[in-house]
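Database features (Swiss-Prot):
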BINDING   46, 49, 54, 71  [4Fe-4S] cluster 1 binding site
BINDING   113, 116, 119, 153  [4Fe-4S] cluster 2 binding site
BINDING   123, 143, 146, 149  [4Fe-4S] cluster 3 binding site
DOMAIN    29-88  domain '4Fe-4S'
DOMAIN    104-133  domain '4Fe-4S ferredoxin-type 1'
DOMAIN    134-163  domain '4Fe-4S ferredoxin-type 2'
REGION    1-23  region 'Hydrophobic'
């Protein structure tokens, strides 16, 4: 019995060491451009760009399969940052993918909520907490404002509430100079 235990422990140690070595030796580096693009995107995972999340959209941009102006939550600021990073010309937000809206979070009217869990299943970032047949609530710090939870709600108890403007959320305007009149 003791011999079998020692043999199994020895095998586990050897295999663990082999896996640890293999993970270091055969590590696959990702595309650094994809990582930079993904860092600029708002991480709402809303799918409004036509891709299932921000990372696939970043991969499509880096491969030249998608344009930089398909992300409504990122808005004009995100498009400008992507244009600067990729050395492309700025383009306005594509209307077929939506329109830029003020940052908002979902709010559930807990008096109307029937606890169906459809909104929990729809939320890509797990910002809604609750259990079946019990009221749900949104954790505002986690909510990205993607609006994916609104449509599945059978009793329409979810509303998008705009965030109040603070120094962090205020849209600072870019200075615009007319070069022709300045000369």
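Any Cβ shown, glycine's included, is placed from N, Cα and C.
Structural mapping of features recorded in Swiss-Prot.
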residue: 46; record: [4Fe-4S] cluster 1 binding site; Cβ contacts under 8 Å, 6 or more apart: 73, 124, 144, 146, 147, 148
residue: 54; record: [4Fe-4S] cluster 1 binding site; Cβ contacts under 8 Å, 6 or more apart: 38, 41, 42, 43, 44, 45
residue: 71; record: [4Fe-4S] cluster 1 binding site; Cβ contacts under 8 Å, 6 or more apart: 41, 42, 48, 49, 57, 78, 79, 93, 97
residue: 113; record: [4Fe-4S] cluster 2 binding site; Cβ contacts under 8 Å, 6 or more apart: 130, 135, 136, 155, 157
residue: 116; record: [4Fe-4S] cluster 2 binding site; Cβ contacts under 8 Å, 6 or more apart: 132, 153, 154
residue: 119; record: [4Fe-4S] cluster 2 binding site; Cβ contacts under 8 Å, 6 or more apart: 106, 108, 128, 136, 149, 152, 153, 158
residue: 143; record: [4Fe-4S] cluster 3 binding site; Cβ contacts under 8 Å, 6 or more apart: 105, 106, 125, 127
| task | Would you mind splitting the region 'Hydrophobic' (1-23) into helix, strand and coil residue counts from DSSP? | result | 22 helix, 0 strand, 1 coil
| query | Which residue counts does DSSP yield for the domain '4Fe-4S ferredoxin-type 2' (134-163) in the helix, strand and coil classes, in that order? | reply | 0 helix, 7 strand, 23 coil
| request: Please state whether DSSP places residue 119 ([4Fe-4S] cluster 2 binding site) in a helix, a strand or coil. | output: helix
| Including all protein chains shown, what's the count of other C-beta atoms within 10 A of the C-beta of residue 149 ([4Fe-4S] cluster 3 binding site)? | 23
| Do you know the DSSP helix, strand and coil residue counts for the domain '4Fe-4S' (29-88)? | 30 helix, 0 strand, 30 coil
| task | Would you list, in sequence order, the residues of this chain other than 46, 49, 54, 71 that have their CB within 8 A of the centroid of the site's CB atoms, where the site is the one recorded for [4Fe-4S] cluster 1? | result | 41, 42, 44, 45, 47, 48, 51, 53, 57, 70, 72, 73, 74
| How many other Cβ atoms sit within 10 Å of the Cβ of residue 153 ([4Fe-4S] cluster 2 binding site)? | 21
| field | Extra residues within 8 Å (Cβ to Cβ centroid of 113, 116, 119, 153), [4Fe-4S] cluster 2 | value | 108, 114, 115, 117, 118, 120, 136, 149, 152, 154, 155, 157, 158
| query | Near the [4Fe-4S] cluster 3 site, what residues other than 123, 143, 146, 149 in the same chain have a C-beta no further than 8 Å from the centroid of the listed C-beta atoms? | reply | 106, 119, 122, 124, 125, 127, 128, 138, 144, 145, 147, 148
| remark: Across the domain '4Fe-4S ferredoxin-type 1' (104-133) the predicted model averages a pLDDT of 93
